[in-house]
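Report on the following structure.
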Amino acid sequence: MLVLGLETSCDETGVALYDSERGLLADALFSQIDLHRIYGGVVPELASRDHVKRMLPLIRQVLDEAGREPSDIDALAYTAGPGLVGALLVGASCAQALAFAWGVPAVGVHHMEGHLLAPMLEEQPPAFPFVALLVSGGHTQLVRVDGIGQYQLLGESLDDAAGEAFDKTAKLMGLNYPGGPEIAKLAEQGTPGRFVFPRPMTDRPGLDFSFSGLKTFALNTWQQCRDSGDDLDQARRDIALAFQQAVVETLTIKCKRALKQTGLNSLVIAGGVSANKALREHLERMLGELKGKVFYARPRFCTDNGAMIAYAGCQRLLAGQHEDLAIKVQARWPMESLPAL
């Protein structure tokens, strides 16, 4: 089955072709980072308009790269949520229109299920069951995964997601959007031990997260540096290091608890923050101590992309799932509500 996947949940327009027998044939991505940077974050209306502008050229590009025609497409998959409603509607409308025109089925894909399954695109994919850490700008969740659609939520952020905390901390120090890569870059030049940030909710049982207090701690530290006349460039580096260490160690502690609680020794990390080098190193070290293994997608498939949507959609289409000819999206959508395959 040849599936055309479309991703438009936020500020990246992603398109990919996935073949159930040959794997990923082609993928293309347009990022709107430059469009939103001057505003310090994503502007939903601008995101939607840009998806409209980019979608069809990217579809043509992917078909050309794969040497395929529209008549070769067996089905379409599109992100149906969660995400920005306007942005989601662009992808859903395009997918349903093409499915109707080409006479093929279409299936709506859960954005976070796409992230969770992205490591399946690698040469050595994880085997079920495993624990997944979904960590992005909008989500921070620990999930037990026994199969596609077989998800048990173990813990989640009670306020800011980890990626959101990265972005907000970067913004308060005057750094560019998106903040995650900026923080990671500065952290490499930070002075170890100058600042020590708390590890939120690690001193109590449970697998939930909270990052809003960490963001406030960073703000107070930054204001103290400004008031005392510190070298602000170095202060940014040192705060970035302390903040990143706190987030990474908090995530690592919770992942270790989740593995022990479930009795599993395989961990998948997915979502934009999973590309963070320090996080990968900490989790690999922790899994090594537990005689387990950590899995993640290549960096370009950690952030939003069409390949993960095409793959996830293909699995559900092969199981006989598809949507009626209607345009339906969900800004909020619990992943545990998905049907099991």
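Note that Cβ sites are derived from N, Cα and C of the backbone, with glycine treated the same way.
Remember, predicted model here, so these are calculated numbers, not experimental data.
The annotation Fe cation binding site is assigned in Swiss-Prot to His111, His115, Asp304. His111 (Fe cation binding site) counts 28 other C-beta atoms within 10 Å of its own C-beta, drawing on all protein chains shown. In the three-state DSSP reading, His111 (Fe cation binding site) counts as helix.
Residues annotated as substrate binding site in Swiss-Prot: Leu134, Val135, Ser136, Gly137, Gly138, Asp167, Gly180, Asn276. Within its own chain, Gly138 (substrate binding site) has Cys10, Pro82, Gly83, Ala161, Gly163, Glu164 as residues 6 or more apart in sequence whose C-beta sits under 8 angstroms from its own.
Note: the Fe cation site is recorded as His111, His115, Asp304; in the same chain, Glu7, Ser9, Thr79, Met112, Gly114, Ser136, Gly271, Asn305, Met308, Ile309 also have Cβ atoms within 8 Å of that site's Cβ centroid. A separation of roughly 11 Å, to the nearest angstrom, links the Cα atoms of Gly137 (substrate binding site) and Asp304 (Fe cation binding site).
In this structure, Ser136 is the one among the binding-site residues Ser136, Asn276 with the smallest number of other Cβ atoms inside 10 Å of its Cβ. Around Leu134 (substrate binding site), taking its Cβ as the centre, 25 other Cβ atoms fall within 10 Å, counting all chains. Candidates His111, His115, Asp304 (binding-site residues) were compared with Leu134 (substrate binding site); those inside 10 Å Cα-Cα are His115. Geometry remark: Val135 (substrate binding site) versus His115 (Fe cation binding site), CA distance 9 Å.
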